Amino acid sequence: MFLVLVLLTGLGRLYAGNNPRKTFVQTTVPERISSVDTRRHLEHNVAYNITLKGKSYVVRLKKESFLSSGSVIYFYDNRGVQRSQPLLPEMDCSYSGYVAGFPHSRVVFATCLGLRGVIQFENVSYAIEPLEVLSGFTHMIYEENNDNTHVPLFGKNNSYARIHNLESQGRRSVHKTTVSKLSPRYIDMYIVVNKNLFDYLGSDIKTVTQKIIQVIGLVNAMFTQLKLHVLISSIEIWSRSNKVTNTRRPDDDLFRFSDWKRKHVSLKSHYVAYLLTFDKYPESIGATFPENICNEEYASGIAVYPAGLSLESFAVIIVQLLSLSAGVMYDTSDSCYCSTDVCTMTQEAVFASGLKDFSTCSMDNFKYFASQYGLTCLRNTSYDMPIYKQFPPRRRRICGNSIREEGEECDCGTLRNCTHKKCCDPMQCRMKKGAKCGTGPCCTVDCQFQKANVLCRKSVDKDCDFDEYCNGRSGDCVHDTYAQNGHFCDSGGAFCFNGRCRTHDRQCQALIGGDSRGAPFACYDEVNSRGDVYGNCGRHQCYIQHALCGKLVCTWPHKQLVSRVNLSVVYAHVRDDICVATTKTVRKIIRDLSLTTVLLPEDRDETFVEDGTICGPGQYCDKWFCKEVQFINNGSCNAEIHCQGRGICNNLDNCHCHKGFVPPECAPKKGQFGSLDDGHLVETTKTSGFRKINMRRGYVVLSTKRFQLIFYIGIPVIIIVAAILIKQNQLGKLFCRGEKEHMSSVSEDGSRSVTLSATESKFPADTEHSNKEEDAQ
């Protein structure tokens, strides 16, 4: 027994590595256990029972993906030649989660080849590593401590502190309404490990890679508040020698590293490059360019790993530097507070163990930076993981179901109840001879198009839906038109979504009736954290931020029980309210109440909260998730600008004008209203009658202004063409006259030359004759 104790003590010192302050706690054999989530999704959810200081703790974990199939590690062999390997084997190893029963806890594990990671409570952290020399899945647990607590945060120049003071002065004058809501953003990171750190972490490619991935896992866990997620693009390890001179002055080394990055690494503009180094007694913890995360030239940093610190502390250093580049400054005010004992952006955070959260000042800094400068360089989607699409089975065409489907000219119902027997053949769904239409609310029994302006679809929601009218050119009613998603309704307390004003109260009234209302948040949190058929967000229980988007929970003020056909009801007494949640029983008999009945959002029924329902200030529900309202609509129509504040935007991105204003731009016009899409005829002038609106969005047929358009465009064109023709005719005459004169002069010259030639030919002959006569004499 004594020998075993000595062995474990020695192993504890060995696995503690270069930090002599790591306190060995115990060895343990983690036991993988089964739960609701792990039974349904073995690949994405795991749970372990871990004994720590004599107590048993259940650790619940969910897979985290910050590697892609294209992530690569680069290193150098003994000859200095660069080699590369995919990081694919490490892709499915990273998990994060919490300790059950401890809301202020955090767990980050790598599960390949044993468990390796950190368990964080409020004021203490424990590291766990596998003991490879012992069999039976034995692990060692030790308490994280830091030996070196005197590392300067800023360095000698203290530049970040000065920047913070200047920024704080400027930001105090900015009203909080300029702060935007946070949305998920992804930082693609190119990580370089220099030779010093490579040697300090073990001088082994695989070991160093695992530790870097573990550090980034901790970084992502800390960035949850800011909705930032670091994705590892590549890891380059300078395993032979440093490519950049290490001067031990991070501020100077940063410029050298940035210059090396520009010359040797081809990165996209939204990639951030970081050099991770080691220094026993550094001047500071690192360097970066504050507020330049989106600047291609300056999106880089240097993080220094001081001797005697833990991997947890190194993760805090990286978080602080990345935060600086994203506009988050260090906390220097007593008014900054957070939910943990130590806030992330403080010097104490680097050396303290346990949980750390961003302070109120940090959150304001980040939101201000995002609203003022934007984070468009950062992707808003994670890596596209390959999945197989689940195509729904193709629906078979059915003639006689009163629905006109592909391949049918009309469908008036069955032979017995056909609504347009004169117009449509109910057996073949073909229009009869001479019929203009065969079915539809705008088709008369005489097979003619209904007159324009006849109501064909009445609004079902006074705030969010619009009436539609026959346009006089089709037997069908025009496409459904309704308010743009995100338009306020219910006196500003809810959002319009797909033509309905979505509120918890209305949904409860429709589901169970009586004086039921939407339950308070405490009820939703209590019920939807169950993870069963009565409370869930589909495949699993709802996390607290999404609790209002799972199963519908209502208050029930009546003494009698809820009695509804095909509904099973559960009651919960939360504080002063009786809350009820329901599940449908008509589809199948519930045999296992620990399992949810719906796996896909498309399969939800009325017992779930509807999409578009408010789940927080400026937030709405979408497929079990509570999202920022900025994502609720992607249209370009702005009611204040495009509709001049006299209408609202519809789902087709056009203005629906209030009464007394005419579309499309809602100009004042007595008696007018609506949009270009609702089918009714829009009056344009007192004398010219009406302008007919085509069913196709944005296409307008101008029946009265067409001739005016032709007149105003055609007349100038005709004048220009006529002028050209006249000009060409005059030029032609001039050309012909010039040609005639030229020919005349040519002919005169020719005749003159002929006469002259004849005269000249006569004189030599006479001269010769006279000479002969003189010779004879």
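Here the Cβ of each residue, glycine as well, is placed from N, Cα and C on the backbone.
The record in Swiss-Prot lists a disulphide bond between CYS657 and one of CYS649, CYS666, namely CYS666.
Within the set CYS637, CYS643, the cysteine that Swiss-Prot bonds to CYS649 via a disulfide is CYS637. According to Swiss-Prot, the listed position annotated as N-linked glycosylation site out of ASN49, ASN380 is ASN49.
Among the candidates CYS343, CYS361, the disulfide partner that Swiss-Prot records for CYS338 is CYS343. For CYS377, the disulfide partner named by Swiss-Prot among CYS294, CYS447, CYS456 is CYS294. Checking ASN566, ASN634 against Swiss-Prot, you find N-linked glycosylation site recorded for ASN566.
The two recorded residues, CYS477 (disulfide bond) and CYS637 (disulfide bond), have Cα atoms 24 Å apart. A C-beta separation below 8 Å, combined with a sequence spacing of at least six in one chain, links CYS338 (disulfide bond) to THR344, LYS356, ASP357, PHE358, SER359, THR360, SER362. Here the CA atom of CYS649 (disulfide bond) lies 41 Å from the CA atom of CYS336 (disulfide bond). Sequence-distant neighbours of CYS655 (disulfide bond) (same chain, six or more apart, CB under 8 Å from its CB) are CYS637, ALA639, HIS642, CYS643, GLY647, ILE648, CYS649, PRO663, PRO664, GLU665, CYS666, SER675, listed in sequence order. Neighbour counts of Cβ atoms within 10 Å were compared across the disulfide-bonded residues CYS477, CYS643, CYS657; the minimum falls on CYS477.
Over the topological domain 'Cytoplasmic' (728-777) the predicted model carries a mean pLDDT of 44. A 10 Å cutoff on Cβ-Cβ distances gives CYS343 (disulfide bond) a total of 22 other Cβ atoms nearby, all chains included. Set side by side, the disulfide-bonded residues CYS336, CYS456, CYS666 differ in how many other CB atoms lie within 10 angstroms of their CB, and the most is found at CYS666.
For the disulfide-bonded residues CYS294, CYS377, CYS637, CYS649, the greatest number of Cβ atoms within 10 Å around a candidate Cβ is found at CYS649. Long-range neighbours of CYS361 (disulfide bond) (same chain, six or more residues apart, CB within less than 8 Å of its CB): MET329, ASP331, SER333, SER335, CYS336, MET345.
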